[in-house]
Amino acid sequence: MDSFKFIQKKILLLGSGELGKELVVEAKRLGLEVIAIDKYENAPAMQLADHSFVINMNDKKTLINTIKKIEPDFVVPEIEALSIEALKELEEEGINIVPNARTVEITMNRHKIRDLASKELNIKTANFSYVFNAEELEMKSSEIGFPLLLKPLMSSSGKGQSLVKRKEDLLLAWEDALKNSRGKIEGVILEEFLNFDYEFTLLTVRKSSGENVFCEPIGHEQYKGDYQCSWQPLDMNESLINEARNMTNKILNNLNGSGIYGVEFFVRGKEVIFSELSPRPHDTGMVTLVSQNLNEFELHLRAFLNLPIPKISLLKPSATRVILSEKESINPSYTGLNEALEVENTKVLIFGKPTSKKGRRMGVVLSSDDDLNIARKNADKSASKIKIVS
């Protein structure tokens, strides 16, 4: 690729959170121009981008007009709260959507990705059923059985998800799901509650050649569907890893767009069960900032820019622990940073979000050690020192 033309590449980031911020860091290292968009001012990625705009990305006309005005070489969605119709129309006009508009549409909707995996590709998932009105709730929940998970068909970061243990709690969970739903679809998915042994993310890079390249599995823990900690590598049976890779190949060969994908699985005994997929850097994959020779943000850029991707190797066992806010505040400040940074082989990332609220992810601790257990303990210890204050 001609280096002068490459330097002139312009990337438009739709969504400007902490994952987008790290993508901007890597893009600027390659001399790229980055424009960041979000629904609020001073979002994390905006703080590093060349230019930024605040718009309603769910408004089709606004999103189309903004993208046409900017004239980017690549449009890179970092969130799911956006107009898919706008992306589809722009792609038809020749604008590069990463990885492609169809993939963004399928993966943002639990109905579409579950049907693709389970019904079309015959990939094992938890038992599930869709519900589009409250009258169907009791009947379909009895078919799944209690306890069950109730999730909006469109949401992210665990918003609107409930563990329902009895039918008396169904209506409340239904209302919470609809309140936290994104997009125009008013419906939920009921899922069998799996008594799984562990869950993991398989970061997978799809090259423009169609080759899929796998990172080492990343173990993670969630609370109400939201990531709390992760670690790499995950000690698991090679046959289970191969099964997850085979499932991932099936899905990505169907979606067929270049970039990095975070593919989530459950393991129950000798079963590997597909959970979800994100066509972008994954929150659990922030561990790769210290664990791998090429982190997930570098890999995403290299893939959709069609740049070389040499062998991905593990540098050292590593772990993360998120820093959560316990209160609401504007322009939050932090205590305990000195104590957190005293922990050996540990880094602290403060995302720079302009406001905090209870349970909001405000930062993450990264830790590495030859002993994975020590890395995990150090990440937990460091994160526990930091408190968000007004």
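Note that Cβ sites are derived from N, Cα and C of the backbone, with glycine treated the same way.
Marked as N(1)-(5-phospho-beta-D-ribosyl)glycinamide binding site by Swiss-Prot: E18, L19, E78, D283, K353, R360, R361. In the three-state DSSP scheme, D283 (N(1)-(5-phospho-beta-D-ribosyl)glycinamide binding site) falls into the helix class.
Residues or ranges marked as ATP binding site in Swiss-Prot (evidence: sequence analysis): R110, K151, S156, S157, G158, K159, G160, Q161, E191, E192, F193, L194, E199. Long-range Cβ proximity for G160 (ATP binding site), meaning a same-chain Cβ under 8 A and a gap of 6 or more residues, is found for K151, P152, D176, A177, L178, K179, N180, S181. Secondary structure from DSSP puts G160 (ATP binding site) in coil.
For E276 (Mg(2+) binding site), the same-chain residues that are 6 or more apart in sequence and have a Cβ closer than 8 Å to its Cβ are R110, I113, V263, E264. As annotated by Swiss-Prot, Mg(2+) binding site applies to E264, E276.
Annotation source Swiss-Prot lists domain 'ATP-grasp' at 115-305.
Between R361 (N(1)-(5-phospho-beta-D-ribosyl)glycinamide binding site) and E191 (ATP binding site), the C-alpha separation comes to 26 Å. Cα-Cα distance from R360 (N(1)-(5-phospho-beta-D-ribosyl)glycinamide binding site) to E199 (ATP binding site): 22 Å (rounded to the nearest whole number). Other Cβ atoms within 10 Å of the Cβ of R360 (N(1)-(5-phospho-beta-D-ribosyl)glycinamide binding site) number 20 in total over all chains.
A count of other CB atoms within 10 A of each Cβ picks out D283 as the most crowded of the binding-site residues E191, E199, E264, D283. DSSP assigns R360 (N(1)-(5-phospho-beta-D-ribosyl)glycinamide binding site) to coil in the three-state reduction, placing it in neither a helix nor a strand.
In this structure, E264 (Mg(2+) binding site) is part of a beta strand by DSSP.
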